Amino acid sequence: MRIELRSWSSIAFLFTLFIAYVVSESNFKPDIKLTKEGEIAKEYNYFDDSSNILVLRKDKLAISFDDGVSWKNVKETENERVIRYQFDPFNNNRAFAFTIDKFQYVTNDKGETWSKFEIYDPKNEKEHLTLNSIPHILFNAKNPDLAIFVVYHCPEDKKISNQCVNYHFLTTDGFKSNPKSLQTDASICTFAKSTKSYDVGKDETIYCSRNKLNSFGHIVESYIVASDDFFKTESKINHALAKSGSIIDIRVLQNFAIVVVQNDKFNTKSKVSLLVSKDGKNFNEADLKVDISYGIMTFLESSSSSIFLAVMDYSNSFRKFSLSTVYSSDSSGLSFSKVLDKVQGGSIQKVETIDGVWLANIADEIKDNKGKSKTLLDMLMGGGIDKNIKSRISYNDGEDWNLLKINNDGSCTTESECSLHLLNPTEKSGDGKFVTGPTPGILLSVGNKGSKLEKDINRMNTWISRDGGISWDFALDEPCLFSFGDQGNIIVAIPYYGKNKMNSSNMYFSLDQGKSWENVALEIPIFPLTLTTTVDGTSQRFILSGLIDSTPKDKADYSFAETLYAIDFSKAFGGKKCDSKKDFEDIYTRLDPSNDKPICIYGHKEKFRRRKQNSQCFVNELFEDVKVYDDPCECTVIDFECASGFSRSKEKECKPDKKKLANICRDKKSKKISLPDKALASGNKCKNPKEAAKEFVKTKEFKCSDYLDEDDKDKNKGNKHDIVSTFNEFDSELQQYTYVEQGETYSGENIILRTKANVAYASNNGGVEFVKIPVSDEIVTYYPGLVPGQVILITDSEKFYFSIDGGNTFQKKTAPAKPNVIGARIISFDKKDTEKFIWYSSENCDNPFSRDCSLVAYITEDGGENFQKLKEDVRSCDFVADVFEDVSDEIKNMIYCTVEDKSSRKLMLLSSTDYFKQSKKVFDNVVGYAITGNFLVAATIDDAEQSLKAKVTVDGQIFADADFPPDFHVDSQQAYTVLDSASKAIFIHVTTNNENGHEFGSILKSNSNGTSYSLTLDKVNRNRIGYVDYDRIEGIEGVIVSNIVANDHSKDRKKLKTQITHNDGGEWSYITPPVIDSKGKKYKCNGKSLSKCSLNLHGFTERADYRDTFSSASAIGLMMAVGNVGEYLEDFDKCSTFISRDGGITWKEIKKGVYMWEYGDRGTILVLVNAEKTTDKLMYSLDEGDTWHDYKFAEEPIDVLDLATVPSDTSRKFLIFGKSDRKMVSYSIDFTNIHKRQCQLDLDNPNDDDFEYWSPTHPSTPDNCLFGREAKYLRRAIGHDDCFIGSAPLIEGFKVTRNCSCTRKDYECDYNFFRDSDDTCKLVKGLSPSNRKKEMCKKENAFEYFEPTGYRKIPLSTCVGGKNFDTWKVHPCPGKQKEFNKHHGKELNSGSLLAVIGIPIAVFLLATWFVYERGIRRNGGFKRFGQIRLDLDDDDFHPIENNEVDKAINKIVKGGIVIVAASIAGFKTLRKVDRMLFDKVTSSLFRRRPGHRNYVHVPEMDEEEELFGNFRDNYEEELEEGTNNINEDFNDEPNDYEYEEETNDEVDSRLFNIDDQSDEELQSATPEDN
């Protein structure tokens, strides 16, 4: 019994001890040491496998050797300004501290001691290099003594320029000595052995990119170089893509060497391509089938068998919060497939320590938004568009994605679409990276359960997973910052904030892998910043930093200090270490939720040993990483990937790839090829691969003729397989669409589209994909703004949607009233400020024709947040200050409005500079106004004459009369259309016949200030609403195409003929037709004049979309049109499609029939599509229209509505809209990959690149002079059809080689003159020439003016010298007689008289005496010369010639003989002429008496000699005669310019808002309009 009692006593004693132990553990509190700091640290980072921590605080470096308990400054850097530090990822003992001074620092003993090294200027090795950017170091994974110090250096005065370079400095002794400049002009360098797994080349192997620049700073060539001896020798790795583009990055990722190439080296936003190598020698292009820019591509954590990268949509203003698409490659790194799209921002994370497990947040459409307003968090989490964020997990490397399961919660199951959604599953590791944690499958995250991630962080909790993220348990109520220690056996968490969103006063910890949690109060509450521990997560110590208010009594002050807690858990469990046999369990990763069996990835499954959850001990293996044990799996089909020639389909099957097969056939030059469809993935560890291959790999045979065209060798057609067609379908018919110009806040080829169902769609990739803009309101219209990226969606209520990034994001706004319902425009935009615009609503307009109906204008300056009333009873308003060249502060806010006077019903023009607090009446009766270039033209009504008068201003304040020719009386019921002012002169079409169906008029052209107009072309066709057949050819100065009405006096249907001018309206001619048609047959024009057989083109008035023009400003000289060869323009069904390469001088028929056309890549890609018949094919040309090829873009024929591309015509994507089975569809046609290189531009060596110079000319001038100069434009050279132009700065190559002498082509008819049929300028009958005194004398420093000659210089012309047809008789300006006389030498004093008269007489007398002495007297005197017969040869006269002077003198003598003889003969002849004729000639030449000529005929250059003989010598006299005779009136000459004025129709005020025939309605034109 005593023994038993003793036994029971022992048991009781042990039980008591156990209870005490448990109680003590439950009451365990970690040791916490508090430190206060006055300055906030930039970051805290551990040395790996160490308790040493570095911190940078106010540019001073400090270190702790005891997990943050105590700190001291690094003494070696105490006197330095440290700007950054960096750890060596391959050497745990080494770190670097960078300063802005001459010394840099390195430690090789985890911060115990630091040594310094210096960086010297490579250009002057005696001087230290000044660091004006933060440097970094490239490390070698195999040899720690090798490293490269890299700094981006700019000259002091040029911080950002092409003179900035990357300097590379090499160390071979681990910085024991100063690094030496790496002798290579490299942009980017890296060690081949930058990762432990890339075992290619030597330790010394370095890859670099090198750019060859020209004097303009442009990259001419980019290539890769490799060296094994630090560039004593090197090898060049050539790749065509790299050579023509720009290498912007070289990196080694796992066992892949990757080169990132910017395809368009002149455009930083252009697409990039990847070149990948696994052997370091052969780089091949990866088939990443997506447009990506380097700034939006992120390389994710990858494996040795696959590259993972995320492509972020940076097109909107929220940038890093945008949505991403994730791609992964096969084991070669060359074939990519989409893994996941619509990833929220960068919210995708690989789970650490476990292969193939990824966590991601996906953005789903909100279907029940109901027009709710969005918060900023909505915008950020949804990438700028309302989205529901849902979390997914993949445990087979992205093959499948599943919802996150919550354990033991029957109310929330994945079957009911309820799951866990995570905000952020990462912690900050000891080295500063954000990772899921180096634990064996233990994860922690903030999130919430439900159908989506909440957008209020207060509704989120903290959750824990112990199976690598597949299933989760609730952990803590608050959202917390967290960190893991002792391989996940210690978890520390602190709430982001405390109660009432104040600072956190407590922290939590768990010692049983999150099963239970304890609470510890903090001595000082903080706003937590950092919670971290050692890099490998094996320590039992943590540091926690946070902000405290350093001035708590001052509530308005935002001064903060930092508090640092050092937390120690080493005394928990009494410091007990776990028993390796009792306290551990084996855990497999990636368990299949359906059967709890491990899932194999890369041919293996992993397991690791983990402490049991309830064991009360620590692993206590400090700095020992979690060990993972591999078990190989049997090979299955998932261990194989698609082989060469095959691509993975959406169904995850290996399908033949036409493009790849074509390339293989082309390379092998075989008729048939046999290929396996699959291959074992490189690096796969599965068992029995050969046996498995027999089961899973199939060999397939292909006929190359099925993949290669018969004309496959034709280089001009490219590879059709490189063209990509993408289909989209819409819910209703197309109503309007617009390309939105790229801006600073976004990039991309953005399109806004609206259907007839009032649903709006947006695309930011050129129409490859369209997304429905997620708004609940009907969009009745939209307006693109004048600032790139600005778009406003209009609803039928006060609500509107505002975007400044091209429609990527929209903000919901409220207007002061509904948009107007009377058909007026709804928005007027400011030219520069995106936040400023005018909104038009209507009041009392139930009956739009009621006198009470009023249009009210409101203005906003903050993007629609606030509005103020601008003016009532307006018709239209515009911000006009930025229209004018000189904008003073006085008019910077100037607005013009047309306002209706309710009493008189007249329309007034008002101006204001203070938003109509005060206003000025400019005109009291106007029809409207138009803005063109730097001019504002107002159409006023003269009540007395019942006529329209044009007024012009160039400063918004002073208006001048626009003087039309006097015979142009524009009735108040007629109209005129302002066409453009692109050539420094205003072109206006004045309607002269307004009869329905027979409308036409005259085009008038102004002088340079828009005030004086003359007729340039008559009988020009217009349509009912005022649009005119007038097309200014973009890209070439002065070329205009117009259609005239040939039967202007007939009531029959109009007969149109096309005319073209090449000198800005100075001369017009019919278009010379091609000789043969597209089938090689000759046109029947032989023997016919150009007026009877010419090329006639359908013009502006007949276009379904007014944005479709003959030409493109970026495709210099190219024109396409639909028309016919004949006397008149025929109907469309009798027309063909034509092309010109020389600005409309010569033409070629492309195809019979009517086709729509578009230009791409500045004319290197031309596309046609049938406009009349259903079709599934398009035609394209890659050689400026020389050859054409078919491409099938659709599965079945469609009715094409429109063919479009970006307005600049620089894209390589096109968009076809059409109808198919009553559905509206679109096809994006992408030619991006058809050119394999970018055209090389080398302005220093223009003969060695892909461009050539081309000069526009006038068809009748042979000397390449146009507008008084010979201009040369760069175009892609003929035959260089295998490259694209992109954003090459061709404008920098533009040059004017010379200014030409003035000729007739540089002049046009002056005011009151008209061009007659004989091409001369004649005075309008009954009129007198204009007085130019006022115009010319008001110019600064002017002192003279000229009488008009009937001609004036074309404003564009820069000719010098030559024939000045516009200047003859000169007069002094009032008060400028003295300056005038001085300039013309009429102000003579005694000195000037001597210079002008005396000196020439003296010289003449001296010369005469010398000639007499040496040439006449000693050769026999005058007697000898009297014997000379004029009909004898020179041999009869033999003068004395002893030297060269004698010879010269005797030549003068002989010349004198001829002159005297000619004079005598001429006098004798004149004596025989009738005296009256003689008097007439002399008076005409010398007395300037009025005669009988009222015009001057100046023939063409090739006619001049034949018609007028010595006209060139006497053209001044001809002009003089004309000048003095133009006042003569001849009643017997018929007046061919009498017009009937029609007054039946009311003026359409819209005509006065036409600016280059493209106002807001043109920007959003509908293919079916008109």
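Positions of Cβ are set from backbone N, Cα and C atoms, glycine also.
As recorded in Swiss-Prot:
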COMPBIAS  1529-1546  compositional bias 'Acidic residues'
COMPBIAS  1556-1570  compositional bias 'Acidic residues'
CARBOHYD  Asn503  N-linked glycosylation site
CARBOHYD  Asn1009  N-linked glycosylation site
CARBOHYD  Asn1299  N-linked glycosylation site
REGION    1517-1570  region 'Disordered'
REPEAT    63-72  repeat 'BNR 1'
REPEAT    105-116  repeat 'BNR 2'
REPEAT    463-473  repeat 'BNR 3'
REPEAT    508-518  repeat 'BNR 4'
REPEAT    801-812  repeat 'BNR 5'
REPEAT    858-869  repeat 'BNR 6'
REPEAT    1138-1148  repeat 'BNR 7'
REPEAT    1179-1189  repeat 'BNR 8'
SIGNAL    1-24  signal peptide
TOPO_DOM  25-1390  topological domain 'Lumenal'
TOPO_DOM  1412-1570  topological domain 'Cytoplasmic'
TRANSMEM  1391-1411  transmembrane segment
With H, G and I counted as helix, E and B as strand and the rest as coil, say where DSSP puts Asn1299 (N-linked glycosylation site).
strand
Residues that sit under 8 angstroms from Asn1299 (N-linked glycosylation site) by C-beta distance, when 6+ apart in the chain:
Gly1268, Arg1269, Thr1358, Cys1359, Val1360
Have a look at the glycosylation sites (Asn503, Asn1009) and report the one with the fewest Cβ neighbours inside 10 Å.
Asn1009
May I ask which of the stretches 63-72, 105-116, 508-518, 801-812, 1138-1148 has the most CB pairs under 8 A with the repeat 'BNR 3' (463-473)?
508-518
Could you tell me the C-alpha distance between Asn503 (N-linked glycosylation site) and Asn1009 (N-linked glycosylation site) in angstrom, no decimals?
69
Let me spell it out: take the repeat 'BNR 4' (508-518), skip the flanking residues so only those 6+ beyond its ends count, and list any with a Cβ under 8 Å from a Cβ in it.
25-26, 28-30, 442, 444, 464, 466, 473, 475-476, 480, 488-494, 569, 572-573, 611, 613-614, 616
Which of the three DSSP states, helix, strand or coil, fits Asn503 (N-linked glycosylation site)?
coil
